[in-house]
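*Asks:* Can you keep this structure in mind? I'll have questions shortly.
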Amino acid sequence: MTILPLSSTPGRNTPNQQTSSYFPSQDAGPTIGIPGQNSGAFGRRKSDGGHAFGFGGSNSSSGRVHRGGINGGGVSNFVPLFLRRLFRNIYRNIHYHKQTKNQWARDDPAFMVILSGLLGCSAVVWGLVYGHGMIGILRMSLYMVFVDFVVIGVIVATVCWASVYSTDQSVEWQYAFDIHCNAFMPVIVLLYIIQLVFMKILLKDAWICTLLGNTLYMTAIVYYCYITFLGYNALPFLRHPEMFLYPITIFAIVYVIALILGINISSKVLFLYFG
């Protein structure tokens with residue numbers, strides 16, 4: 001039996017390495033391909049031109065995403081490097097989970113419980129700031145957890161799950177909801193915590209405050225779309241996951257129009273929530 005590497009580095013063959021050794025001889029047994037030095041941990045997509053899972057290959061240290069024209073000079077520049085690496089490592093680990101559990105989705109709801117707890121705590125603080133009683137704080141907690149997080153998450157996950165296209169396998173709906181949970185974490189930090197801390201500044205009647213508030217919401221949207229893209233991009237059998245980055249263009253247009261018209265999105269949203 002001859003064991004062959006899937007890829008090799010051009011121009012770096014040692015003198016003892018023969019090109020013909022990469023091909024089985026006529027009397028050789030079965031051939032098994034193993035990942036080569038630069039082939040990535042789990043092989044390669046058919047549709048990304050050789051880049052392993054759209055992460056720029058196993059030797060990529062610049063945080064670039066080589067997929068559908070998306071690279072380090074595009075949307076990924078708006079996302080801090082540490083956060084990109086964090087979620088890429090998370091999504092790389094799902095391949096081991098697939099091999100051991102035979103599913104892409106998480107098998108426990110711990111992360112969802114943590115996010116729900118963060119939302120519940122933030123609802124209590126929001127309620128105290130706006131002077132709501134116990135009933136009002138309870139109502140706000142239920143709304144933030146079950147409407148903002150669960151109901152909207154179910155809708156978004158279902159739309160994304162129904163939109164993806166694969167030629168080999170189907171995407172688990174639970175995995176689509178897991179992606180929503182991952183993408184919602186920076187939204188909680190930005191809109192439920194940081195917005196609360198700087199609320200008095202963001203609500204002032206000044207253009208710079210409008211800029212800060214609108215930028216906060218735009219950043220949350222970029223985070224959500226980009227992490228959603230990373231989640232579907234981690235599945236090797238999906239085609240064109242870059243479509244999950246397209247909504248950023250629409251929200252960017254809305255962001256610019258709101259700044260030109262002087263519309264404070266933060267003020268409008270808080271008025272909608274708390275009156």
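Our numbering is plain: 1 for the first residue shown, then up by one each step along the chain.
Note: Cβ is positioned from N, Cα and C throughout, glycine not excepted.
I grabbed these lines from TrEMBL:
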- 1-24: compositional bias 'Polar residues' (COMPBIAS)
- 1-43: region 'Disordered' (REGION)
- 110-130: transmembrane segment (TRANSMEM)
- 142-164: transmembrane segment (TRANSMEM)
- 184-203: transmembrane segment (TRANSMEM)
- 215-232: transmembrane segment (TRANSMEM)
- 244-265: transmembrane segment (TRANSMEM)
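Could you give the neighbours, burial and distances for every feature on this list?
*Replies:* Away from its own ends, the transmembrane segment (110-130) comes close to residues 136-137, 140-141, 143-145, 148-149, 178, 181-182, 184-185, 188, 192-193, 196, 199, 273-274 of its chain (Cβ-Cβ under 8 Å, at least six residues beyond either end).
Listed as Cβ neighbours of the transmembrane segment (184-203) (distance under 8 Å, sequence separation of 6 or more from its ends, same chain) are residues 83, 115, 118-119, 122, 125-126, 129, 144, 149, 153, 209, 212-213, 216-217, 219-220, 223-224, 227, 264, 266-267, 270.
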